[in-house]
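Here is the structure we will look at, set down as structure tokens.
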Amino acid sequence: MEGGVHEFDGSTFRECFSLSWRNPYVLRLAFSAGIGGLLFGYDTGVISGALLYIRDDFPSVDKNTWLQEMIVSMAVAGAIIGAAIGGWANDRYGRRTSILVADALFFAGAAVMASATGPAQLVVGRVFVGLGVGTASMTSPLYISEASPARIRGALVSTNGLLITGGQFLSYLINLAFTKAPGTWRWMLGVAAVPAVVQFFLMLFLPESPRWLYRKGREEEAEAILRKIYSAEEVEREKEELKESVEAEARERSSSEKTSLVALLMTTATVRRGLVAGVGLQVFQQLVGINTVMYYSPTIVQLAGFASNQTALALSLVTAGLNAAGSVVSIYFIDRTGRRKLLVISLAGVILSLALLSAVFHEATSHSPPVGAAETAHFHGGALTCPDYSSRSSSSFWDCTRCLKAAAASAGCGFCAAGGGDKLRAGACLAAAAAASNATARDACRGEGREWYTRGCPSRYGWLAMAGLALYIAAFSPGMGTVPWIVNSEVYPLRHRGVCGGAAATANWVSNLAVAQSFLSLTDAIGAAWTFLIFGVLSVAALAFVLVCVPETKGLPIEEVEKMLEGRELRLRFWAKRRHHHGGDGDGGGEKTGGV
């Protein structure tokens with residue numbers, strides 16, 4: 001095993017379930033805290049489907065791309081604040097208390113959104129939810145990590161990632177279930193209150209993190225919890241490691257009244273190296289484009305040529321299912337393959353899939369169906385014709401893509417595909433500026449058994465785009481989906497973990513906000529093909545960053561990671577086994593080569 005600390009037979013995946021069977025208390029702690037991950041996933045995923053129906057209920061949202069982006073991204077803005085405050089709250093009040101506060105925020109946000117009477121109230125509800133998501137995003141994996149035996153820590157922290165993706169998958173199921181129900185999106189958004197209440201009551205009966213208790217001088221409470229998690233021999237070793245960490249913290253505090261994050265970066269190489277790896281991974285997790293898929297998946301499906309809301313939701317369910325399945329794969333491989341190698345494999349797949357998506361959308365845009373003058377004049381004697389199309393020059397060529405670009409410019413046109421089962425023949429470009437006109441044009445189009453398009457155009461490449469999305473999720477989820485959170489729960493010294501984890505989570509959400517607030521605008525301005533190409537270039541940069549800056553923490557006790565970072569060496573050959581120097585006492589020694 002890499003790490004040279006814990007030798008055991010078989011995969012860590014089997015070890016995880018074996019230990020959990022012998023000591024279900026560990027699994028209870030992990031899954032109770034992991035409900036925060038479920039809420040995180042549900043509230044980030046549910047908006048993708050709810051947005052389709054919010055647009056139908058509120059014409060102002062339908063007309064304005066920026067308002068759609070705001071409804072999505074205000075949860076991210078709230079998460080930035082939640083993650084920043086969460087780092088301080090974790091250190092001051094503890095991990096358990098922070099989780100309870102997050103649950104209260106989740107409940108309040110769900111209630112406000114479900115009762116919304118306009119876009120403004122929706123935005124307020126999304127901010128509340130975001131505050132909860134930001135707090136949970138760093139607190140849940142931290143709590144699980146600090147309450148888990150080192151040999152299965154990666155697998156148990158991965159359960160948080162599994163519950164995040166499981167929550168996203170659940171949100172798509174709920175979205176699909178309520179498509180025919182009165183109130184559609186209100187039910188979709190309001191259901192999030194249920195797991196928040198469940199976790200709140202479960203956490204009331206669970207203890208605080210033993211490591212946090214030890215830091216606060218409550219050694220007896222910490223030892224009582226450690227004895228429920230570890231064997232008698234392991235408890236003594238954990239106590240010694242905690243004692244060393246707390247003493248180091250006391251020495252540092254005695255030399256400085258106040259240690260800021262900037263001071264840590266300037267003076268502490270260990271923290272600086274950990275932050276570069278942790279923050280960098282969190283930023284690149286977002287910049288490779290994952291939340292364009294999770295927030296706008298049904299919209300992307302519509303861009304690929306599938307017009308129906310129900311069809312878009314059903315196809316998006318496939319990507320959400322692959323995302324959840326990828327988290328299961330991660331649990332199996334994370335402590336078997338290692339964090340770094342899994343990241344490299346994941347990013348290679350992401351780059352290939354984004355190249356495919358860019359090529360497919362380019363072909364789809366270049367070969368969209370033409371607009372026919374006769375087809376357009378057919379509806380209400382031309383009364384519904386798109387104004388921009390009516391004023392075109394006689395020599396200009398119009399196709400579906402140009403029709404929808406006119407819609408983006410004037411907030412007003414849609415494409416009615418040809419009937420007879422061949423949607424690639426010439427269709428009609430109709431006015432859809434006002435709510436009444438939109439309903440008239442849409443209803444007139446659908447009344448003849450045709451498809452009405454306002455996002456994407458009919459395309460023979462639609463299924464290939466879906467294959468690209470599936471490949472993207474299948475590659476992203478096991479590596480870039482879960483590993484950044486695991487690395488951030490392992491790579492910081494205990495005495496700085498709350499502050500550093502909060503900084504990394506904040507960086508994640510700032511990057512998330514930039515992507516969420518710009519995706520629809522980018523697709524309107526430069527098209528889906530160029531947008532996905534940009535994400536592909538950023539994925540190449542992410543791969544280079546992982547090879548150069550990210551250490552391997554597999555199998556190392558949390559306190560041992562700090563010692564490893566102190567002597568870290570640059571190591572690009574991640575695939576080669578690290579050399580072990582065995583001590584004379586036959587204990588297997590420790591790693592002396594850096595090899596990170």
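Placement of Cβ uses the backbone N, Cα and C atoms for every residue, glycine included.
The annotation coiled coil is assigned in TrEMBL to 232-259.
What TrEMBL records for 29-554 is domain 'Major facilitator superfamily (MFS) profile'.
Tertiary proximity for the transmembrane segment (29-54) is limited to same-chain residues at least six positions away from its ends with a CB under 8 Å from its CB atoms, namely 61, 68, 71-72, 75, 95, 99, 102-103, 106, 109, 122, 126, 129, 132-133, 136-137, 139-141, 143-144, 147-148, 156, 159-172, 174-176, 179, 184-185, 188-189, 191-192, 195-196, 198-199, 202-203, 206, 229, 291, 294-299, 309, 312-313, 316, 320. Positions annotated as transmembrane segment by TrEMBL: 29-54 (among others).
Look at TrEMBL and you will find 66-88 (among others) tagged as transmembrane segment.
Sequence-distant contacts of the transmembrane segment (100-117) (same chain, at least 6 residues past either end, Cβ-Cβ under 8 Å): 36, 39, 43, 82, 86, 89, 124-133, 135-136, 139, 186-187, 189-193, 195-197, 199-200, 203-204. The transmembrane segment feature in TrEMBL is assigned to 100-117 (among others).
Among the features that TrEMBL reports, transmembrane segment is placed at 123-144 (among others). Remote same-chain residues near the transmembrane segment (123-144) are listed as 29-30, 33-34, 36-37, 39-40, 43-44, 47, 70-72, 74-87, 89-90, 95-96, 98-99, 101-106, 108-114, 116, 156-157, 159-160, 189, 192, 196, 209, 485-486, 488-489, 497-498, 501-502, 504-506, 508-509 (criterion: CB distance under 8 Å, separation of at least six residues from the stretch ends).
If you look up TrEMBL, you'll see 156-178 (among others) marked as transmembrane segment.
TrEMBL lists 184-206 (among others) with the feature transmembrane segment. Non-local neighbours of the transmembrane segment (184-206) in the same chain are 28-29, 32-33, 35-36, 38-39, 42-43, 46-47, 49-51, 53-54, 57, 96, 99-100, 103-104, 106-107, 109-111, 113-116, 125, 129, 132, 167, 171, 174-175, 178; each lies 6+ residues outside the stretch with a CB under 8 Å from one of its CB atoms.
Look at TrEMBL and you will find 312-335 (among others) tagged as transmembrane segment. The list of residues near the transmembrane segment (312-335) in space but at least 6 beyond its ends in sequence, with Cβ under 8 angstroms from a Cβ of it, reads 11-13, 16, 45, 48-49, 52, 151-155, 158-159, 161-162, 164-166, 168-169, 171-173, 175-176, 179, 293-294, 297-299, 301-302, 306, 342, 466, 469-470, 473-474, 476-479, 481-483, 486, 554-555.
Residues 281, 288-289, 303-304, 330, 333-334, 461, 464-465, 467-469, 471-472, 474-476, 478-481, 483, 527-530, 532-533, 535-536, 539-540, 542-543, 546-547, 550, 574 of the same chain sit 6 or more residues outside the transmembrane segment (342-361) yet have a Cβ under 8 Å from a Cβ within it. Under the heading transmembrane segment, TrEMBL lists 342-361 (among others).
Non-local neighbours of the transmembrane segment (461-487) in the same chain are 137, 141, 154, 157-158, 160-162, 165, 277-278, 281-282, 284-285, 288, 290, 293, 297, 300-301, 304-306, 315, 318-319, 322-327, 329-330, 333-334, 339, 342-350, 352-354, 356-357, 360-361, 363-364, 508, 542, 550, 553; each lies 6+ residues outside the stretch with a CB under 8 Å from one of its CB atoms. Annotation comment: TrEMBL describes 461-487 (among others) as transmembrane segment.
Look at TrEMBL and you will find 499-520 (among others) tagged as transmembrane segment.
Among the features that TrEMBL reports, transmembrane segment is placed at 526-550 (among others).
Mean pLDDT, taken over the coiled coil (232-259), works out to 69 on the 0 to 100 scale.
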